[in-house]
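A.B. asks: First the structure, then my questions, so here it is.
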Amino acid sequence: MNYAKQTSPYIRKETSVKRMMVDVLIALLPVVVFAIYRFGWDAIIRILLSVVIMVVAEAIGMMMRVMVHPSVKGFKNRFKARFEKLTINNVTAPLVSAIIFAMIIPSTLNLYVVAVGALFGIVVAKLFFGGLGSNIFNPAAIGRVFIGLSFASQFKYAGIDAAVGATPLGAVKDAMLNIPTVLQDYKLIDLFLGNIPGSMGEISAILILVGATYLFIRKAADFRVTLSMVLSFSVIIFIAAIAQGSKNLVETTLFHVLGGGLLFGAVFMITDPVTSPYTRPGRWIYGLMVGVIAAFIRLFGAYPEGVAFAIIISNMFVALLDYYKWSTNKYSWKFIIGYVISLAALGLVAFIGMGGLN
């Protein structure tokens, strides 16, 4: 097996980084348009603020890394020499990160918090590691988790009639995981269409699936990691519902799949070629990790949503999954059996943790 010596993204020979980023932007378009339709100027302002901060910060950071020959004199000439080293990828990549970040925050979030999150995400998660292709963490996820922990009281969500209310997952936490009670206020069709409170880009499952379809057809994202994340998450939630004695297992599972940031994270965040594994089996394992951790945070954590946390935690293991001594693009019965046993064992943990043996 031949191993790539340059930094990612290096998924396919015929696909450039520029084309990949443009495809992601196109896939995000339905979600962004719906966010603007639902939240109006609040959405537009926060999207633009995120874009300006991330694009400008990346440009400045990359220009600072450029070595200028001593013979180039004067601030203007040295600035020009650095500026000319920037490429279109130094615009499209932070643009994608900025839009994703804006889509996973509420429309009511104070602008200074948006600015802090965008700046923290691009600088700490990306520029500190060397910029495009060198970062190990997803910038949008890092920014979201940072402001979520630092400014938790600022996270209020506008409802259908612009009233501030709890998200479906927050309501589930308040109702002690009583899905039937929460479904009196939030129908599954509402979760599917986006008629619920929540982060700007996470509320419309159908539009996220439209974007996913485009990405998979264009081969700008690998369906394996998305499928593995959704599958493992659904299995854990399904088993937890059994442990709780739920009378409608499918409805409970669908509620969790559609009611938060799972689908958006599975389609637009963990498919990032820079921060996800290179090999196909590695992507299945990576998706399993993100899905299970997200499910465990939903079930046992203090926060109602854990997708961003799950992505960041799993990002730490990508290099290990790609380690050349055991990484391969070929599937084996050992891998398949190991995947199934791992998921079953983690499901058993969820079953016991939710009181299934009581």
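A Cβ is built for glycine as well, from the same backbone N, Cα and C atoms used for every other residue.
A TrEMBL annotation is a machine prediction, not a hand-curated record.
Grabbed the feature section from TrEMBL, which reads as follows:
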- 20-37: transmembrane segment (TRANSMEM)
- 43-66: transmembrane segment (TRANSMEM)
- 86-105: transmembrane segment (TRANSMEM)
- 111-129: transmembrane segment (TRANSMEM)
- 141-160: transmembrane segment (TRANSMEM)
- 196-216: transmembrane segment (TRANSMEM)
- 223-242: transmembrane segment (TRANSMEM)
- 254-271: transmembrane segment (TRANSMEM)
- 283-301: transmembrane segment (TRANSMEM)
- 307-324: transmembrane segment (TRANSMEM)
- 336-357: transmembrane segment (TRANSMEM)
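What does the local environment look like for each feature on the list?
C.D. replies: Residues 9, 11, 43-44, 47, 89, 92-93, 95-96, 99-100, 103, 107, 194, 200-201, 204, 207-208, 210-212, 214-215, 218, 220-221, 264, 267-268, 273 of the same chain sit 6 or more residues outside the transmembrane segment (20-37) yet have a Cβ under 8 Å from a Cβ within it.
Cβ atoms under 8 Å from those of the transmembrane segment (196-216) belong to residues 23-24, 26-32, 34-35, 38-39, 43, 46, 100, 102-107, 157-160, 164-168, 186, 190, 223, 226, 257-261, 263-264, 267-268, 271 of the same chain, restricted to positions at least 6 beyond its ends.
Listed by sequence, the residues of this chain that lie at least six past the ends of the transmembrane segment (254-271) yet keep a Cβ under 8 A from its Cβ atoms are 24, 27-28, 31, 100, 103-104, 138, 140-141, 167-169, 172, 179, 182-183, 186, 188, 191-192, 196, 198-199, 201-202, 205, 208-209, 211-212, 215, 221-222, 225-226, 229-230, 233-234, 237, 286-287, 290-291, 294-295, 298, 304-305, 307-308, 310-311, 314.
Listed as Cβ neighbours of the transmembrane segment (283-301) (distance under 8 Å, sequence separation of 6 or more from its ends, same chain) are residues 169, 177, 222, 224-234, 236-237, 240, 256, 260, 262, 265-266, 270, 276-277, 307, 309-311, 313-314, 317-318, 321, 335, 339, 342-343, 346, 350, 353-354.
Counting only same-chain residues 6+ beyond the ends of the transmembrane segment (307-324), those with a CB under 8 A from a CB of the stretch are 3, 104, 136-138, 140-142, 144-145, 148, 260-262, 264-265, 269-270, 275-279, 282, 285-286, 289-291, 293-294, 297, 301.
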A.B. asks: Sequence-remote contacts (6 or more beyond its ends) of the transmembrane segment (43-66), Cβ cut-off under 8 Å?
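C.D. replies: Cβ under 8 Å, 6 or more out: 32, 35-36, 79, 81-83, 85-86, 90-91, 93-95, 97-99, 101-102, 105, 107, 109, 111, 114-115, 118-119, 121-123, 126-127, 130-132, 139, 200.
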A.B. asks: Six or more residues beyond either end and a Cβ under 8 Å away: which residues meet both conditions relative to the transmembrane segment (111-129)?
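C.D. replies: Counting only partners 6 or more residues beyond its ends, the transmembrane segment (111-129) has Cβ contacts under 8 Å with 45-46, 49-50, 53-54, 57-58, 61-62, 94, 97-98, 101-102, 105, 135-144, 146-147, 150-151, 154.
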A.B. asks: Who are the long-range neighbours of the transmembrane segment (223-242) in its own chain, taking Cβ under 8 Å and residues 6 or more past its ends?
C.D. replies: 179, 212, 216, 249, 252-253, 256-257, 262-263, 265-267, 270-271, 276-277, 280, 283-288, 290-292, 294-296, 298-299, 343, 346-348, 350-351, 353-354, 356
